[in-house]
Every structure is written in structure tokens, then in C-alpha cells.
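Here is the structure we will look at.
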Amino acid sequence: MTATLNVPEPIFAEIDLSRIAANAQILKAHAGKARLMAVVKANAYGHGAEEVARTALAHGASWLGVARVSEAVVLREAGIEAPILILGVTPESGVPLLIRYGLRQAVVDDGYARMLSRVAGELGGEVLGHIKVDTGMGRVGFDAVQDPGRESAEACAEAIARAVALPGIRAEGIFTHFATADEANLVEARNQLARFTSVLGCLEALGVTFELRHAANTAGIFTLPEARFDMVRGGISLYGLNPSAKVRVDALGVRPAMQVKGSVVQVKRVKKGAFISYGGTWQAEKETVVATVPCGYGDGYPRLMSNRGHMLVRGHRVPVLGRVCMDMTMVDVTDVHGVAVGDEVVIMGSQGDALVSADEIAEVVGTINYEVTCMVASRVPRVYRP
């Protein structure tokens, strides 16, 4: 759901497109001569795929990456013509859409390649493919790690060579994905890079080359410059967030683009001994001023923030009282002077000098900042600032 700035909603996610633009420029600057793919899967990590895609493409990106064919079709229907790579696996029923919309598809193994070739032949079309090599992620891809009794790189290259020779597939690119590029210890990431490079070498020996080779995800752009090849894939830091606590990019000027805001809908004073919210898990130890915020787990605010989280009111951090409800959450504003109905509440973001970051929320609930922005529900309007 998108909205203009004057939509009267009690809660909304404010997306600063100027920050998306600046973040894209920073990623492109660190990519060197490599092209930049803006990864906009999962509705651009919750930020809004169409708006983020247009902004990123205008500020350094030349490719887009998504997870599913449906995500790519939405972008095409919106008039976005840039190359789009589907990083996930498109089922057979979706292959006609690949051809119709000129989409690039990850080719993950020989069986999948044969299916793509067969369907393309039946339709009289061609699938643009990027060969996915599994160098240690253990997810999808031609296996460059585990091939008992044979040299893995050689066996992997031979399987890829057979796939790219199939009719109906034009293999434009080849790529891999790092599992640990966001760790302080890069030994395994470099092992993955070495496996990928070995596969490329074996393919060249077989006379198979590709226009685009890519390996570096967001963390890899900064930690593994030797992995940039012809293109890099910028994801989490496009949205202004750090790949991990160990790989921080905020010092480079990358800034969060999303804030989630609401407003106070009721203020009440409760007596000592009063219980707040379901289950009575919080009890007032003294007379307390309680503000109710129209935001709950139905909006993507984690229930695990119950009695643990903070929001911002009038520039102050205020604690969550009791359990987070589906649609509302209560906070303690006793120490904040003059709180009234209609006052702005920042659920995630900054207010004055106070901050509740996606990283903080992630730490409280035991997850990562990626999930925090992706959790912001579709019923929460996205409001875009240029």
C-alpha cells in the first residue's frame, strides 16, 4: 500500500527516497567499474519495490534483483524496463512470463535447465539465464562443493557446460552467493570465492564464458573487493542498514531510509497496582501516565517487544508496557511532560536526538534488521518523501 503525504493514517512507514538515492550512489562508488544490481525483493525489504527501483536506477544501479517472477512482473507492469534477475526458482508454469517480459532467470541445476529449455522450445522463445553456482551456501545452484570422487570444480563446470548448450537458453551470466561475507572471519567467504573462480577457470577451458559474472552481495562489496567481477548485488545497505554488527557501513554515509511513525490515540493516568494489556504482565508500581499507540503485531511490530521495547514521544525514549496487542501498544509517558492525543510517536526511527533503530528492535527480539523492515505489514501505508 502506498500513500501520499496527506493521507490521514494513524500509523505509516515513511520512506526517504533521497536516502535511497544517496545509498545507491555509495554502493556504486564502492563497486568500482562493476555494475550495480539493486536488490528489491520482498517489496524492497518492505520499502516499496517500484519506488525504490526507480530511485536506485536513477542513482547508479543498472540492474534489479528479485526473488520471484511475480515481483518482476509487477515492476514490468509499472513500466520499468531495466534488466531484472529472478534470484529464486520460477516454477514451470511461470516460464511463459520469463519470456513474455524479457526477465533473467537463475538456472540452478541441470534438471531445471532442461525444463527451461523444453518449455522455451514449446513456446518458440528463449530464456535469458544466469547460472547459479553453489559454492558453500548449501541452498540452490550447480554444486561446486560436494561431488564425491571427482574434482568438484571440474564436475560442476561440465554440468554447467551441458546446461548452457541446451536450446532455448541464452546464458548471459553466472553467479554465486556468499554465506559469511558479513562475518569478521572471511576464511570461508574466500574459500567460496576460490571455488567460484575455479569453476570459471574450468568453464573457460571448455570454451564457455559469460558476459556477466557476479558474486558480491552487500557485505561482499565492502569486505571482498576481489569478488566484484562484472556486477555486484546491493541489498540491505541500499536501505541504509548494516549487513551485520561486524560489517558496518554507516560510517561511509549510508543512512536508514525507513521510519515507522504513529500518533497517540489516548492518554490516561492509572493508579498504583493497575495492570496493563493481556495477561496482566505489567503492573504499575506507582501512579503512571499511559499512552496508547495504534500499532501492534498486526502492523509488524513484534509481540516480543512486550515489556522490552521502546518508542519515542516528544524526543524521549518511552518503554512499552505489557503485551503488544494486534493493533495497539501502550507506553509509559509519565516522565514526558504534556503528552497529548495526536502527538507523534516514532516506533522505529529518530525523533530529535533519540533513536530506536531497526538494529535495536532486531536485538531485542533476536533477529536481524533485514527481518525488521520486511515485517512492516502491508496494511501500513508507505509514505514517500522525495
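Each Cβ is built from the backbone N, Cα and C atoms, and glycine gets one as well.
Going by TrEMBL, these are the annotated features:
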- Lys41: active site, proton acceptor (ACT_SITE)
- Tyr278: active site, proton acceptor (ACT_SITE)
- Arg139, Met326: substrate binding site (BINDING)
- 257-385: domain 'Alanine racemase C-terminal' (DOMAIN)
- Lys41: N6-(pyridoxal phosphate)lysine (MOD_RES)
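Note: Lys41 (active site, proton acceptor) has non-local neighbours Gly65, Val66, Ala67, Arg68, Glu71, Leu87, i.e. same-chain residues 6+ apart with C-beta under 8 A of its own C-beta. Cα-Cα distance from Arg139 (substrate binding site) to Tyr278 (active site, proton acceptor): 40 Å (rounded to the nearest whole number). Annotation for Met326 (substrate binding site): same-chain Cβ neighbours under 8 Å, separated by at least 6 residues, are Gly296, Tyr297, Gly298. Summarising model confidence by region, the domain 'Alanine racemase C-terminal' (257-385) averages a pLDDT of 98. Helix first, then strand, then coil: DSSP counts for the domain 'Alanine racemase C-terminal' (257-385) stand at 23 helix, 50 strand, 56 coil.
According to DSSP, Lys41 (active site, proton acceptor) sits within a helical segment. Listed in sequence order, the residues of the same chain lying 6 or more apart from Tyr278 (active site, proton acceptor) and placing their CB within less than 8 Å of its CB are Gly322, Arg323, Cys325.
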